Structure formats: structure tokens, C-alpha cells
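Engineer: Features from TrEMBL:
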| type | residues | note |
| --- | --- | --- |
| BINDING | 53, 56, 60, 308, 407, 410, 411 | Na(+) binding site |
| COMPBIAS | 1-10 | compositional bias 'Polar residues' |
| COMPBIAS | 19-30 | compositional bias 'Polar residues' |
| DISULFID | 162-171 | disulfide bond |
| REGION | 1-30 | region 'Disordered' |
| TRANSMEM | 47-66 | transmembrane segment |
| TRANSMEM | 72-92 | transmembrane segment |
| TRANSMEM | 223-243 | transmembrane segment |
| TRANSMEM | 252-285 | transmembrane segment |
| TRANSMEM | 305-322 | transmembrane segment |
| TRANSMEM | 334-360 | transmembrane segment |
| TRANSMEM | 398-424 | transmembrane segment |
| TRANSMEM | 436-454 | transmembrane segment |
| TRANSMEM | 466-490 | transmembrane segment |
| TRANSMEM | 511-534 | transmembrane segment |
| TRANSMEM | 546-570 | transmembrane segment |
């Protein structure tokens, strides 16, 4: 079978370079199943780096550490490692292989592999809209710090001092003994100073956070000009990188996917060198065993596995669809899973080292009490580590926040390519106007991100993070398993892998696809609903009922296309008298590469001929038995 796989690869590559091949012209296939105009990766390395950038992103840098911080450090780390193996990696391989086999985006792939659940493609497209919008506001924060580092060359970085323009009496400059504070009591002594200047700069200068929280529907406060400008700059850069498709983004990832690992290594070394860093590392690596009995810890770990690897969003199917048909993606998936874990651990070690140093300096025994948890944790701990440990802090701060931006940009590319691929596969005439499509989509998403650029925007962001990236991601992963490994069938999927890659998945992997992964997703999802706790911002600020209702509506709106498309599909088949075909895949499902499709059709024809001849032998019509392997 491996020899046949090599033949497929050679034939596929020949077709890529010569789309006028007579074999290609003679094949009758769907008009969008394979088109050179879609573009393909320039090399396997481009695909590997693009997926690395898509998966290893801000989820590792800021979300993994703050979830570990909220959920007991090592008590979160152990479930994360287990779930990465039994859920994350199998789902990752599923999506990439589907895209590579079909040469289509998620919308058309699910229409053919499991028509009853074709709504998953629409689910993934809808879910990408809040995903890329929320991701861009994180990039905007990084641009804010990046520009600030440049404009303060020759001056003290603003988060290293308590500026009366934004600081309160609780402000404390880390590393400075008896640092001056703004407030004093009647004796002239400083009042409590239990918040570092980095924390206060983040809350009061960058976010200009309204301490009251969300109150009345629609009242978010005025726009913050600095964040709006950063948001606009981020979308302009993204538009320029995507305007020519993967021909542009495929080259950008050579830098954006590799540079962050160098930056993380430097910061990790700087973090562990701080006095008191060991307090944070103990919190990260020594588990509190009782927390392992909390289903919410497992839920958060599973949510982060899915979010970090970017499964269930359609981006992996999209990236896989630009591969050559016989690319050995199972090897790439293993490499990417390991690198994703390494990046998460490097980020966590860096942040927890800084938190330990903060606890040591403030005289706090419990590391979990040092700062309020939340998505902004990284924008507090990293600047603190850089400014206190590295020479020429302005330069290192610039490089760090440039790294943050490149990490987020890689992840953003995956979401944007998913949306663009779906549009251009659906409306192929728009390919000639792709630059205008990119500009229009970026403009619309810029407008959608403006509510985040308000004094209450962080509350909205956290709400989306809990419901969309949290509970909604579990639903997406489960339905992917149902569609591919239950409806289409794990054996059919394994046949597909064998034809494409030249080997059949192991029994353990097939059991994981069919049972372990979907059952784990379902059990954790149901268990988390039974022990559900409504979110609190920073653990203290309550959300009003209307905000919680809107947050809970996000995964329901995402789920709606799945239900609607399934109902329409069932009614259509029943109306046409084809009710028995409800659970079947589409008759046009097959390899997107015409050369591979032709070979598959030929193999099926030979198999049918062998079966016919064997039937004749059984009936005594001929005296020689044939087997399909002989043909």
C-alpha cells in the first residue's frame, strides 16, 4: 500500500504542475473538488509552520497560564496532559486529514462526508467570527505596549512607576524597597500598597477598566482612542498579509512561527532567575490532589486543549486542504502536539516564576492571591519580568510584544483563511476579486471589535471567553466526532487514511476516535453542566442576568445551524422517498485530487469485477477463483 501511496503523491504533484493533463480532463468530478486557483502550500514546511503558528499562539501565552492559575496549577496541568493525548491529538489528525483528503474547506467537507451534520461547517464558520474578533483585541493590547516601549526610549517605562495620572494609593513598584506610594494615613505613613505598578498600568491606563462592571444593557462607555487605533493597525497588517492568500501568509509564517520560541526561551530563563521564583514553580508543579475531584478543573483543561490546538474551528481542515494529497500529516500532527505542549509549559513557567517573585517580595504565602486572575495576567507578569531582569528593557519589551503580536497573527491567519476559503469555495466567481473580499471582511470584523475598546470591554471579552471558547468548544469537538467517526464511520475513515497515507490507523487510535474521545467530551460537558457556576470577573465582579443570558446564547446560536440543516436534510430525503439514506455520506464524497479520485474509481471497479468473478466461481460457471489482490 505504501508503494501505491508514493505513486499517488507523484501523480498528484504532476497534476499540480500540469492541469491540462488528459487524465485530469477525462475525470468527471465536482467543479469545486479541486482547483489550482485555490492555491497550495509551497512546501510541506510551510504547512507545518502555518499549523504551528495557528495552534501555538496566544492560547499558550496568556490563556493556559491564567487557567492554570485559576485551577490550582499542577491540579490543572495533569488533566491537561491526559486530555491532550486522548482527545486533542486524535481530533487534530481527524480535521487535518479530512481537509487533505477532500481538498475543500469545512463547509463543503461536512456537506459530503456527513450530510446529516453538514451544519457543523456553518457552526465552525459562525464560531470563527467571535474568535478572530476577540483575538484581534489581544493583538491590540500587544501593539499598545509595543508602541509605548518605543515612545518611552530614554524614559522610564510607564509600568515601572506609579504615575499619579492613573495610579491609586495601592500602587507599589516591584523591586524597589519602600517605594513611594500615593496615599498616606494621618501619621504620614504609606497606606497599603499591595498592587504592583504593572497591574495598575494594565487596569487603569490600558483598559481604563470601569470597576463597576456591566450594569445596563448597551452602556459600555466611550471608545478608548488608543485601543481603537491599535485595533485598526492590527487589521491593516492582517489584511496586507492575507490579500494574496497562502502565497503571502505561507511565507510570513517562516518568521512568525519560529521567532516566538526564541523569545519564550529568553523570558523563561529570565523568570526563573528571579528571587522567590521557586514559590511560583512549586504552585505550578506540585498538585493539590483534592482539586482533581472537581469536574470544573477537568472542563477547563479540556477546553484549553481544544482551544490551544485550535480543533473544532475549521482552520485545520482549511490548512489541510492546501496540502498535497499524500502528505504524511500523521507525523506533522505528532510534532505539532508536542511543540504546542512545550510552548504552553514555557509560558506557564515564565509567568509562575514572576508570580512567585511577586509573592516573595510582597510577603504573601499563597501565590494564588498575588494578582487577580484573568486574560490580562500575561500583560502583568511578562512586562514585570522583562523590566526587572533584562538589560535594555525598552528593547526587550519591544521584542516581547512584537513576539506576542506574531503569535496572535499566526492564529488569526487560520481563522481568516477558514472564512475566506468558505466564501470563495461557495462563490468561486469571487476569486478574481479576492483583495476586495479580504478588505471587506477585515473592515466588518474591525467594526465588530469596537465594543472591546471601551471601559467595559474586558467584561464582554471574558464573557465570550467563558461561553464561546469554553463550553462551546466542547460541543464543537463532540459533534465533530459524531459526524466523522459515528455517521461516516471510523472504519470508513480508516480506509480513507490508508488510501491517502499508505497505512491503516492502529486499533487503539480507532477506539480513541470512536469511543474514548467522544465519550470524554460528552461526560465532561454533562458533568460541568451539573456543577455549573456562573462566571465572575476576576473572581469578584458579578454579571447581570441579561449579560449571562446573552453569554449563554452564544453557544446556542452557534449550534442552531446544525439543528436547522439536519432537519432540512431529513425532510428533503423523506419527501423524495429516500429516508434510508439519512445516515449515509454524499455519493460525491471522495478524494479532491482528480488523479487520486481516478485511481480510487479504478480500484473500486477492479474490486467489483473480482467479486463478480468469484460469484461465478461459486455458482460453478468458471473453474478459476479470482481475488481483488491479484488484480
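Here the Cβ of each residue, glycine as well, is placed from N, Cα and C on the backbone.
What does the local environment look like for each feature on the list?
Structural biologist: In the shown protein chains, 30 other C-beta atoms lie within 10 A of the C-beta of residue 407 (Na(+) binding site).
If you draw a 10 Å sphere around the CB of residue 162 (disulfide bond), it holds 26 other CB atoms from the protein chains shown.
Cβ atoms under 8 Å from those of the transmembrane segment (72-92) belong to residues 55, 283-289, 291-292, 297-298, 300-302, 304-306, 308-309, 311-312, 316, 333-334, 336-337, 341, 344, 348, 352, 367, 477, 480-481, 509, 512-513, 516-517, 520-521 of the same chain, restricted to positions at least 6 beyond its ends.
Among residues of the same chain six or more beyond the transmembrane segment (398-424), those with a C-beta under 8 A of the stretch's C-beta atoms are 38, 50, 52-61, 105-107, 121, 124-125, 128-129, 131-132, 135-136, 138-139, 142-143, 145-146, 149-150, 234, 237-238, 241-242, 245-246, 249, 252-253, 255-257, 259-260, 263-264, 267, 310, 313-319, 321, 378, 382-383, 386, 430-431, 434, 437-438, 441-442.
Long-range contacts of the transmembrane segment (436-454) within the same chain, counting only residues at least 6 positions beyond its ends with a Cβ under 8 Å from a Cβ of the stretch, are 129, 132-134, 136-137, 140, 220-224, 227-228, 231-232, 235-236, 238-239, 242-243, 416, 419-420, 423-424, 430, 460-461.
Among residues of the same chain six or more beyond the transmembrane segment (466-490), those with a C-beta under 8 A of the stretch's C-beta atoms are 63, 87, 91, 94-95, 98, 110, 113-114, 116-117, 120, 123-124, 127, 130-131, 134, 299-300, 302-303, 306-307, 311-313, 510, 513-514, 517-518, 521-522, 524-525, 528, 535, 551-552, 554-555, 558-559, 562, 583, 585.
Long-range contacts of the transmembrane segment (546-570) within its own chain (CB-CB distance under 8 A, at least 6 residues past either end) are made by residues 115-120, 122-123, 126-127, 130, 214, 217, 459, 463-464, 466-468, 471-472, 475-476, 479, 534-535, 582.
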Engineer: Determine, to the nearest whole angstrom, how far the Cα atom of residue 308 (Na(+) binding site) is from the Cα atom of residue 171 (disulfide bond).
Structural biologist: 34
Engineer: Who are the long-range neighbours of the transmembrane segment (305-322) in its own chain, taking Cβ under 8 Å and residues 6 or more past its ends?
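Structural biologist: Apart from its flanks, the transmembrane segment (305-322) reaches 38-41, 47, 50-51, 54-57, 59-60, 63-64, 80, 83-84, 87-89, 91-92, 95-100, 102-106, 109, 121, 124-125, 127-128, 131, 246, 329, 336-337, 340, 344, 411, 414-415, 417-418, 421-422, 469, 473-474, 476-477, 480, 592.
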Engineer: Are there residues at least 6 beyond the ends of the transmembrane segment (334-360) whose Cβ is under 8 Å from a Cβ of it, and what are they?
Structural biologist: 48, 51-52, 55-56, 60-62, 64-65, 68-69, 73, 77, 80-81, 84, 88-89, 92, 174, 196, 260-261, 264-265, 267-268, 270-272, 274-284, 308-309, 366-367, 369-371, 377-378, 381-382, 384-385, 388
Engineer: Please report the number of other Cβ atoms within 10 Å of the Cβ of residue 410 (Na(+) binding site).
Structural biologist: 26
Engineer: Who are the chain neighbours of the transmembrane segment (223-243) in space, where the CB to CB distance is under 8 Å and they lie at least 6 residues beyond its ends?
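Structural biologist: Same-chain contacts beyond the ends: 136-137, 139-141, 143-144, 147, 206-208, 249, 252, 405, 409, 412-413, 416-417, 420, 434-435, 438-439, 442-443, 445-446, 449-450, 452-455, 457.
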Engineer: Measure from the Cα of residue 171 (disulfide bond) to the Cα of every one of the binding-site residues 53, 56, 407, 410, 411, then give the nearest.
Structural biologist: 407
Engineer: If one measures from the C-alpha of residue 60 (Na(+) binding site) to the C-alpha of residue 162 (disulfide bond), what distance in angstrom results, rounded to a whole number?
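Structural biologist: Cα-Cα distance, residue 60 (Na(+) binding site) to residue 162 (disulfide bond): 30 Å.
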